[in-house]
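K.L.:
The following feature annotations were taken from Swiss-Prot:
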| type | residues | note |
| --- | --- | --- |
| ACT_SITE | Cys120 | active site, proton donor |
| BINDING | Lys23, Asn24 | phosphoenolpyruvate binding site |
| BINDING | Arg96, Arg125, Pro126, Ile127, Asp128, Leu129, Asp309, Val331 | UDP-N-acetyl-alpha-D-glucosamine binding site |
| MOD_RES | Cys120 | 2-(S-cysteinyl)pyruvic acid O-phosphothioketal |
Amino acid sequence: MDKIIVKGGNTRLSGEVVIEGAKNAVLPLLAATILASEGQTTLTNVPILSDVYTMNNVVRGLDIAVDFDEENNTVVVDASGEILDQAPYEYVSKMRASIVVLGPILARNGHAKVSMPGGCTIGSRPIDLHLKGLEAMGAKITQVGGDITATAEKLKGATIYMDFPSVGATQNLMMAATLADGVTTIENAAREPEIVDLAILLNEMGANVKGAGTEKLVIKGVKSLHGTQHAVIQDRIEAGTFMVAAAMTSGNVLIKDAIWEHNRPLISKLLEMGVDVKEEDRGIRVKSDVSKLKPVAVKTLPHPGFPTDMQAQFTALMAVVKGKSSISETVFENRFQHLEEMRRMGLHSEILRDTAMIHGGLPLQGARVMSTDLRASAALILTGMVAEGTTTVGKLTHLDRGYYKFHEKLAKLGAQISRVSEA
């Protein structure tokens, strides 16, 4: 198993960094290719991540041809033949996002069987919203032995109100609705850029999806969808991670091809803190002087609020800003596990229900720490850059799910960082 070693204390990042295609966009895009009963679908700007390999294998398991050209960051999918209706447990069980294949398989075949991903229970909010929406469209749902089975000879258009704007549920229902009879309206839909990207692909495939990026989606069902070519949007979370890295190291970094509008919630908090953030022709430039930054209060919310996937990294930034900052997590429960690891590095923090209080500007020391999830992995590495001494970050399987050559990109910006194999 690999580990990352960071020598910190005087790191100051500078230069340019290239952002990959968005992990949170490409996974549902790959699921959408299942719907194309004619021709091939080509996705470009595909990131080389373990989650992408997993989703490719989920789609392959349906007897669909998938060709991943890593050198050119391109995936070609041919789903034009008959496809299977059961997603492979071996791969579905590895990744929560794999549940988004349920809607496309059901819409295409009239029957779908998918194991519950990641061991989550049927009553948990995200899975519940997926199933309620499909039931509203006429599907019969059963759960036996950890498997979800959905049956509908033909899905019917429906009006669906979501109790929470779940990204995954919105994506699943959008895809299912493209081949349903009639019109489907999704109220309180998720508004993330990844939703818009999916809608663009579906429309390029011949679907009729309107309202993406707003709270109300209207999907008029069509008889069939066909292959197309589509470029995956840039990863706003990777871009945000490097913005935070530049800010907390008093750096000067150009995040190439980052999209200002996609990152506006994060940028607004960086500006409030005193970070210099500017849009340039080639991306977003971040300059900072940590000694002049001010503490802030942050609350994670569904888009266009502050992204929960930036919460851990922003905590790392708060740790170096003198004064008392707070960050409230309203999207996911139990997402402060990284703070326990950061306390090993000298972080002073308290957690009261869904809010963490961060006492920033105090000395941090290098330590041996373990990643608890994908974004926590990045946060611990960033903290290691500003802590005195050496930090060793283990359990990198989380990191590889969402960041491509993260340590190499940081090293090119000036970080003293390496990745080594543990004996």
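Including glycine, each Cβ sits where the backbone N, Cα and C put it.
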K.L.:
Could you tell me the C-alpha distance between Arg96 (UDP-N-acetyl-alpha-D-glucosamine binding site) and Lys23 (phosphoenolpyruvate binding site) in angstrom, no decimals?
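P.N.:
One finds 13 Å between the Cα atoms of these residues.
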K.L.:
Fill in the CA-CA distance, Asn24 (phosphoenolpyruvate binding site) to Val331 (UDP-N-acetyl-alpha-D-glucosamine binding site), as an integer in Å.
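P.N.:
A Cα-Cα distance of 16 Å.
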K.L.:
Looking only at Asp128, Asp309, the binding-site residues on record, which one has the least crowded Cβ, with the fewest other Cβ atoms within 10 Å?
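P.N.:
Output over binding-site residues Asp128, Asp309: least Cβ neighbours within 10 Å is Asp128.
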K.L.:
Please work out which residue of Lys23, Arg96 has the most C-beta neighbours within 10 angstroms of its C-beta, and give that one of the binding-site residues.
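P.N.:
By the 10 Å Cβ neighbour count, Lys23 comes out on top.
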K.L.:
Sequence gap of 6 or more, C-beta under 8 Å: which same-chain residues meet both conditions with respect to Val331 (UDP-N-acetyl-alpha-D-glucosamine binding site)?
P.N.:
Thr300, Leu301, Pro302, Thr308
K.L.:
Using DSSP and collapsing to three states, where does Asp128 (UDP-N-acetyl-alpha-D-glucosamine binding site) fall: helix, strand or coil?
P.N.:
helix
K.L.:
Out of these binding-site residues, Ile127, Leu129, which one has the fewest other C-beta atoms within 10 Å of its own C-beta?
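P.N.:
Counting other Cβ atoms within 10 Å of each of the binding-site residues Ile127, Leu129, the minimum falls on Leu129.
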K.L.:
With every protein chain in view, how many other Cβ atoms are within 10 Å of the Cβ of Asn24 (phosphoenolpyruvate binding site)?
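P.N.:
So the number of other Cβ atoms within 10 Å of Asn24 (phosphoenolpyruvate binding site) is 23.
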K.L.:
At the Cα level, what's the spacing in Å between Asp128 (UDP-N-acetyl-alpha-D-glucosamine binding site) and Lys23 (phosphoenolpyruvate binding site), rounded?
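P.N.:
Just about 23 Å between their Cα atoms.
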